[in-house]
Amino acid sequence: MSGPELSISLLWLFLFSYIILASIEFGAGFLLFWARWRKWSREVEEVIERYLSPFWEVTNVFLIAFVVGLVGFFPQSAYVYGTILLLPGSIALILLIIKGTFFAYFHYAKVRKPLPTFLQAITGLLLPMVLVSIIPVSEGGFVTEEGGRLVLLFGEVLKSPLQWSFVLFALLSVLFVSAVFLHFYASRAGSESAQAKFRQVALNTGLPALGAGAFLLLPLADHRPEHFLTLATEYSWLLLLSGFLFVNAYMFLQRGKWPGITFVLVIGQYAAAVAAYGYSHMPYLLYPLLNINDAYVNQTMAKFLTWTLGLGYLVLIPGLLFLAWLFLFSDSYVKGKARNS
Amino acid sequence: MIDLLFSRILTGTTLGFHIFFATLGVGIPVLISLAEFIGIRKRDPEYLLLAKRWAKGFVILVAVGVVTGTTIGFQLNLLWPNFMQLAGELISLPFMMEAFAFFLEAIFLGIYLYTWGRFRNPWVHWAFSLPVIIGSSMSAALITTVNAFMNAPAGFRIEAGKLVDIDPLAAIFNPATPSKVFHVLTSAYFTTACALVALTAFYILIRKKRIPYFKKALTLTMSFALVTGILTAVAGDVSAKYMAAYNPEKLAAAEALFETTEGAPLLVGGLIDQESQEIHYKIELPKLLSFLSFGDFNAEVRGLNAFPKEVQPPVEIHYLFQVMVGAGTFGILLSLLYLFGIWRKKHFPQSKWMLALAVLLGPIGIVGMECGWIFTEIGRKPWIIYGVMKMEDAVTSMTGIREYFFLFVLVYLLIAIITSIVMIRFFRKRPVDLDPEYQAIRAHEGAHEGGISQ
Ligand code: HDD
Ligand code: HEM
Ligand code: HEM
């Protein structure tokens, strides 16, 4: 594997962790609101809250780590994406600010009024929809050069079918992934009523999410045929694997069995799909303006960054396992018996 | 031009907003840990309660700090793409390391906050505060190295427009790093101590109760303010010596010194008349500036006029500098006075005027910290990276930044207002004397002392 390929793969790890953790968080925020709206039992809310509180900050750091890593390894991407994403990036930032602060009010200051609950729910759904637009933009065709400067044709993005299929896919995935996770968490907590509710949500969103994912291929084939071709030939095995994992996960869900394994299968399903999409996208970070080989940082810095990243993972992984052990796999915490104030 | 102006203002506003939360985020874990330490050591549950209650407010501040920090991380790319591209080649290492420092803090903060009383040995829980402190102080130190790099770039050369001899470690340990990291960390602890002094004094004033719980909190925070205040002043002196050696034009502007002078005096206060280059209503401490900058009463200090017009920083930063130094002086004197009173068992530490001054210390500390930052950042003008890249070459080519500025200011204002309301409500609903844990402590002690309790 070449230097740039290794670096981008290391960064994918951050991005993928963020995708999964953020999907859980965003979806859980929405389900929290939904549970109150539909007057589901209090248990549903308690399960969601007990997971979210200790994990929230960690989720956010994955996003930061990805962004600083991208700028470090591929400085040119700071220039290109920084310039063109001013408008969508600022929208995402404002949503992120609202989501984050209202989340804090809800969980840490116990503000439980309907409006704040609604705001953190709706921004949690809007955020993935905005963040995902970077993917269609990266497919190229939406950026032009005018008088030596880069301009994003934001209107074109909004009119593109590719954009809207990604938005739909993101929305459904967020709900599906978080429901599958909470189904598992509720089963650990021994809360049957919550488990049944989450299972229902997962069943209702699973097939549409898969459909939306498969449907992405159509506008992609239209928008950038060569990417579609690589994806459908060289990486088709990954797509098939993803589908296979989904089918198994869905079957387990239907039977209500093995919630933990179900969640692992769903992570695998998304990992395979994201890898297929990402590797077939390579070497471009933004087609055709930015590719990983030309944008790569100088050798010295690359070496230092890779070492830092390696050592960082050595600290990070035990830390995360410890956190998970305390809050995911400790029966007394999950079941709410541990005293926590 | 207008886009450059508003990019600068927007960057400054976002950073100024973030630094409020970040500074408290660096300092509060230290104080929480200290309170818990004393509580376990002295077997005094009131200190433990203090730690717990600070932690509850802290986590809300952290959340807003995280959100605003994330905003900067993105916004620097959006507003200064050329700068970030260059920074990526030269100084991206501390950014990357900072992400891991955040992880350390985030992971252990979750553990610390949600495991009170889960371990039989209380020291285990206390130990979890250490990685939080290390994480937050490391992240502050690392980001400060980036800022130091902007003031004193090192670790590379430019040859025929190309970057050569890149050395990421030399870039991190640039000449400005030692003084800056020292000063930023100490001032963050000091500012936090000021804020918590003010908070405690405010409670005593409005609740009119002089319960021992508050007295302990006030003495703890005042002592911390004194120690860190003195350290901040020492670090400030080190920073001034750095500035004299590496950014002399900034020192000249900070001291409003127009003409190069041997045995230059230190100015206190003063109104600058730019036209005639005179300072009115000033107090001069003879030869002190020369001494503070170079350790020699007769050393020559270069004045602003010795530098070409286009690299002179605006002389108005003199006022910001004065406010910062004034804040430190006030904090040191006030905490000294309070602790003297406590030591001599006088009554005045609990008097109304003392408490009123203590409440004032909160905003003064924070304003001092903010002024310090705005002072160094504006004082770098016209450079974004000193001697290497000017601001106009770094800014985005996009237009309409003014509208973005208004949008973000609106959002920040909303967040600031709502956060204040939420925090005030949260603690008003849960005053200490109604806290079940506090009542349990009192009842317990009452039983021991034969029923004499408050
Ligand atoms: C409440 C906080 C606070 C207090 C009491 C002080 N400072 Fe400060 N000062 C800061 C908070 C700060 C800061 C916000 O942390 C700055 C801005 C950037 C930096 O590196 O630190 C700063 C910068 C800064 C600089 C510029 C460094 C540079 O640009 O490279 C100097 C020379 C001083 N300070 C000197 C002092 C002196 C002599 C003080 C005497 C009491 C003092 N400061 C108190
Ligand atoms: C957190 C405390 C900080 C505050 C309050 C602050 C404040 C400011 C202010 C007021 C400006 C506008 C200056 C002007 O208009 O001339 C500015 C500019 C800027 N600051 Fe800082 N700053 C802080 C720390 C940092 C750090 C740590 C970095 C580097 C990573 C940084 C990077 C920048 C950049 C890129 C600009 C824009 C270009 C410039 O004016 O030089 N700042 N900041
Ligand atoms: C250009 C300047 C800066 C950038 C890009 C920046 C970036 C960030 C980011 C991305 C976060 C959120 C991290 C998370 O998700 O946990 C953050 C939080 C934080 N920042 Fe900044 N920051 C800047 C300036 C500063 C300065 C000058 C300080 C210290 C004096 C500082 C100290 C912190 C701390 C301590 C936190 C964590 C907040 C908490 O969890 O308590 N930052 N910053």
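Even glycines carry a Cβ here, placed using N, Cα and C.
Here's what TrEMBL has on this protein:
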| type | residues | note |
| --- | --- | --- |
| TRANSMEM | A:12-34 | transmembrane segment |
| TRANSMEM | A:55-74 | transmembrane segment |
| TRANSMEM | A:80-106 | transmembrane segment |
| TRANSMEM | A:118-142 | transmembrane segment |
| TRANSMEM | A:162-186 | transmembrane segment |
| TRANSMEM | A:198-220 | transmembrane segment |
| TRANSMEM | A:235-253 | transmembrane segment |
| TRANSMEM | A:260-279 | transmembrane segment |
| TRANSMEM | A:304-329 | transmembrane segment |
Long-range Cβ neighbours of the transmembrane segment (A:304-329) (under 8 Å; 6 or more residues past either end): 3, 6-7, 10, 50-51, 54-55, 58, 69, 72-73, 185, 188, 297
Non-local residues, at least 6 beyond the ends, that sit with Cβ under 8 Å of the transmembrane segment (A:80-106): 26, 29, 32, 52, 56, 60, 112, 116-117, 119-120, 123-124, 126-127, 130-131, 133-134, 137, 143, 149-152, 154, 157, 285-286, 289-290
Positions on the same chain near the transmembrane segment (A:162-186), where near means CB under 8 A and six or more residues out: 20, 23-28, 30-31, 43-44, 47-48, 51, 124-125, 128-129, 131-133, 135-136, 139, 192, 194-195, 198-199, 201-202, 205-206, 208-209, 212-213, 215-216, 218-220, 222-223, 249, 253, 259-260, 262-263, 266, 270, 328, 334
